[in-house]
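Peer 1: Dumping what TrEMBL says about this protein:
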COMPBIAS  105-175  compositional bias 'Basic and acidic residues'
REGION    98-190  region 'Disordered'
REPEAT    203-236  repeat 'WD'
REPEAT    262-294  repeat 'WD'
REPEAT    303-344  repeat 'WD'
REPEAT    386-411  repeat 'WD'
REPEAT    437-460  repeat 'WD'
REPEAT    461-502  repeat 'WD'
Amino acid sequence: MGAITSAELNFLIFRYLQESGFIHAAFTLGYEAGIHKGGIDGNLVPPGALITIVQKGLQYIELEANTDENDEDVAKDFALLEPLEIITKNVEELQQIVKKRKREKTQSDRDKDKGKEKEHMEEHERRPGGERERDRHDQEKELEKEKDRTERDRDQDKEKEKQHTERINKVKAEEDSLAGGGPTPMDVSTTAHEISSADVTVLEGHSSEVFACAWSPAGSLLASGSGDSTARIWTIPDGPCGSITQSSPPGVHVLKHFKGRTNEKSKDVTTLDWNGEGTLLATGSYDGQARIWNSDGELKQTLFKHKGPIFSLKWNKKGDFLLSGSVDKTAIVWDTKTWECKQQFEFHSAPTLDVDWRNNNSFATCSTDNMIYVCKIGEQHPVKSFSGHQSEVNAIKWDPTGSLLASCSDDWTAKEIYTIRWSPTGPGTNNPNQQLLLASASFDSTIKLWEVEQGRLLYSLAGHRQPVYSVAFSPGGEYLASGSLDQCLHIWSVKEGRILKTYRGSGGIFEVCWNKEGSKIAACFSNNTVCIMDFRM
């Protein structure tokens, strides 16, 4: 096996983190290790390259440890080493372990052979006509013991079965209680309608993974952000989607985040957000700069202040402030009239992963330091601090009224809860008479729907087979779209907790979003494409 340079190893780890869904970690590693300076063409590196190399390396170590110069060409037993031993010990130590265990195995096999021979002789002697015949009293005692053991085993089996049944009934009762007597969690439809590729418009043009997408609130424009250092604004025609692959449609604007060659410094687009009127698009980049574009794709402003990648970017509802959160541990409020830094908030001790406005003047931030801070423009200290999480906080979201703050972290049941979304229902929304719900998506492949007032779990949706990256409620709150690394987009009935429609793409899905009418869904994929699907029940 040829030697791998440190730059190549860093790139393999970087690609592995991306493929596994740890986007924040991938960006941090790439930024600190200078991945962009390595000159490695990522298109030439196959998926799962790091795993393949590690597997081959472990196999080579195991083979070398089991090889003896005096060995002849005989069948070998390669199950003598534990995986942890292969990882933690050198070849010489492994060879000693193998030799020792081979000797032990040989001796054990001999002992077994002797035992079998002895049993055979005893069996022969116990037969009528043999030299020894067991005393009848001893036989009866042995049979009685065997009978007692059998009855005891039966009683234990019955008790285990009883306990198992009680546990199942208890779980069912708890689930029924959580669901308010409604359908139990894991209620998944097996008759979902498969969305045909003929009903999907595929947007091509990006040359790397597409991490983010967002519909304009004002019209049929869709923005996408990619690892190719560009964002794009696509004009999506009205009417049904079709089997059209748009590689260079007339209505696309390419928003380049570089001048000249792209490898001078990575400027991957990590986040984007439209203002309330749909006239301006803000993009956050791996180079730590925020950029403001109009709907025609013209660069209006570049905001310099952060010293690390920007992971979150949000306009307030009024549109007079833009909020950004960065790996440099800070959050910045920008005045959109002057595009000057209104205030920089330096409370976190580690990278800021997400930000969200509570109202036009206050907001929350979360970080890998496990903390959440509620901040207000003009205040020099946090208005409130939350420290309940035991691991990094991935996302935060205020409910429509700004009275409830939801957060998700890696600390919940040892599986990463990656994203959360409030339903557009309840007080402060266009659907005030419907129940407010919270959806959470996890790396354990499930989605959970919660009724918030009483904290009840309504459904645990288990239609995906790999980590779920994104969930989005339809504008009316009746449906939920979800996208996963299993390449599937599912559309769920919120009322029934089952899949209504599903679409299988050709790559993992990083984000899904609905247009303002709720008639179309966009999904961005790891295979460099964006797909648009019609949704009409």
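Backbone N, Cα and C define each Cβ position, glycine as well.
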Peer 1: Looking only at the recorded stretches 203-236, 303-344, 461-502, which one has the largest tally of CB-CB distances under 8 Å to the repeat 'WD' (262-294)?
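Peer 2: Ranked by Cβ pairs under 8 Å, first place goes to 303-344.
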Peer 1: Six or more residues out from either end of the repeat 'WD' (203-236), which same-chain residues have a Cβ under 8 Å from its Cβ atoms?
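Peer 2: For the repeat 'WD' (203-236), the list is 18, 23, 42, 245-258, 262, 266-274, 276-279, 281, 283, 285, 293, 295-297, 507, 510-516, 520, 522-532.
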Peer 1: Calculate the per-residue pLDDT averaged over the repeat 'WD' (262-294) and state the result as an integer.
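Peer 2: That region's mean pLDDT is 89.
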Peer 1: Take the repeat 'WD' (386-411) and count its residues per DSSP category (helix H/G/I, strand E/B, coil), listing them in that order.
Peer 2: 0 helix, 12 strand, 14 coil
Peer 1: Going by DSSP, how much of the repeat 'WD' (262-294) is helix, how much is strand and how much is coil, in residues?
Peer 2: 3 helix, 17 strand, 13 coil
